[in-house]
Amino acid sequence: MINIRKTHPLMKIVNNAFIDLPAPSNISSWWNFGSLLGICLIIQILTGLFLAMHYTADTTTAFSSVTHICRDVNYGWLIRYLHANGASMFFICLFLHVGRGLYYGSYLFMETWNIGVLLLFAVMATAFMGYVLPWGQMSFWGATVITNLLSAIPYIGSDLVQWIWGGFSVDKATLTRFFAFHFILPFIIAALAGVHLLFLHETGSNNPTGLQSDADKIPFHPYYTIKDILGVLLLILVLLSLVLFSPDLLGDPDNYTPANPLNTPPHIKPEWYFLFAYAILRSIPNKLGGVLALVLSILILIAAPLLHTAKQRSMMFRPFSQCLFWILVADLLTLTWIGGQPVEHPFIIIGQLASILYFTLILVIMPITSLLENNLLKW
């Protein structure tokens with residue numbers, strides 16, 4: 001009798017995606033982050049669901065309801081900090097996943113890559129709205145500053161901002177709609193992740209060499225299921241270490257002060273995972289220019305396949321491109337640091353130079369270097 005796993009309509013889909021899936025025999029631990037992102041999403045949806053049972057999306061009670069979760073709900077503190085630090089783990093995995101894609105040329109799977117960029121935007125939107133919900137000082141002022149950026153859009157800008165706010169300032173209407181969107185978006189992300197996977201399985205996975213791997217495939221289970229479980233255990237270890245030893249390490253102390261529209265915090269800054277984009281935004285003195293640079297800093301990923309001038313797919317055998325890639329990583333870390341600093345000398349000029357380098361590397365230096373490598377290899 002044939003195995004039910006291969007015949008049952010539902011189990012067949014799972015089987016073809018996670019069990020009998022032919023995978024390249026040489027994919028490294030950099031290929032673990034897809035499954036880790038799936039685990040992060042599940043953790044966020046589950047913890048978020050339990051938080052939503054006790055949270056109230058009202059300006060007068062939102063802050064107190066979060067305090068109530070931490071003090072009075074059984075293991076509420078654990079659920080809350082798992083959710084907050086789970087977001088940080090989510091972004092660490094996201095950045096590593098995208099970095100892997102750039103390094104090994106995975107962006108040449110166009111559909112998978114474009115859905116991935118869309119997913120990145122969706123996760124960033126979700127995280128931003130989630131940060132507003134505790135209604136602390138940084139929640140309120142972060143929401144005010146970031147939504148206000150839309151007023152830079154010519155002609156419709158100010159109307160658009162008021163439409164998003166649901167009034168003339170960030171208030172009850174804003175908080176309620178942000179909660180509604182924050183609740184629904186993770187499910188949209190889950191659906192998009194399914195489409196992401198669907199497109200990936202049309203082509204099969206890339207591998208570190210960037211060469212065709214059809215001649216040497218192995219079944220996903222047990223080889224990569226075991227490998228993924230190791231990754232998951234390490235992820236959970238890091239997450240629990242954060243949650244149980246220093247849950248507020250990545251947060252902002254200002255968010256333990258209830259939101260007050262009459263008192264602006266000295267340094268308004270977003271969560272650490274947005275700091276690189278925030279630094280790029282601040283490095284341009286013009287409002288519209290800053291907003292465009294902010295959006296383009298992530299939207300530029302869409303252009304990755306168009307900027308691929310190398311004859312080889314992966315950077316594995318391209319040492320010059322490798323050097324530039326790691327310079328880009330260092331540049332992003334510099335931008336992240338600058339985003340958390342006050343707007344004063346020498347941080348302004350460092351931020352501006354790092355922003356220029358970011359765009360120049362991606363748009364000019366890396367494509368030209370790839371062409372140079374083609375010539376050096378006589379391709």
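Glycine residues also receive a Cβ, built from the backbone N, Cα and C atoms like all the rest.
Taken from Swiss-Prot as is:
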type	residues	note
TRANSMEM	33-53	transmembrane segment
TRANSMEM	77-98	transmembrane segment
BINDING	HIS83, HIS182	heme b b562 binding site
BINDING	HIS97, HIS196	heme b b566 binding site
TRANSMEM	113-133	transmembrane segment
TRANSMEM	178-198	transmembrane segment
BINDING	HIS201	ubiquinone binding site
TRANSMEM	226-246	transmembrane segment
TRANSMEM	288-308	transmembrane segment
TRANSMEM	320-340	transmembrane segment
TRANSMEM	347-367	transmembrane segment
Can you tell me which parts of the same chain pack against the transmembrane segment (33-53), counting only residues 6+ beyond its ends and a CB-CB cutoff under 8 A?
69, 79-80, 82-83, 86-87, 89-90, 93-94, 96-97, 100, 182-183, 186-187, 189-190, 193, 228, 231-232, 235, 239
Would you say the transmembrane segment (77-98) and the transmembrane segment (226-246) are in contact under the rule of three or more C-beta pairs closer than 8 Å, pairs 6 or more apart in sequence?
yes
Note down the number of other Cβ atoms within 10 Å of the Cβ of HIS97 (heme b b566 binding site), including every protein chain shown.
20
Counting distance between Cα atoms, which of the binding-site residues HIS97, HIS196, HIS201 is nearest HIS182 (heme b b562 binding site)?
HIS196
Roughly how many Å separate the Cα of HIS97 (heme b b566 binding site) from that of the residue listed as 'ubiquinone binding site', to the nearest whole number?
17
Name the range, of those listed as 77-98, 113-133, 178-198, 320-340, 347-367, that has the largest tally of Cβ pairs under 8 Å with the transmembrane segment (288-308).
347-367
Look at each of the binding-site residues, HIS83, HIS182, HIS196, HIS201, and point out the one with the fewest other Cβ atoms around it within 10 Å.
HIS201
How big is the Cα-to-Cα gap, in Å, between the residue listed as 'ubiquinone binding site' and HIS83 (heme b b562 binding site)?
30
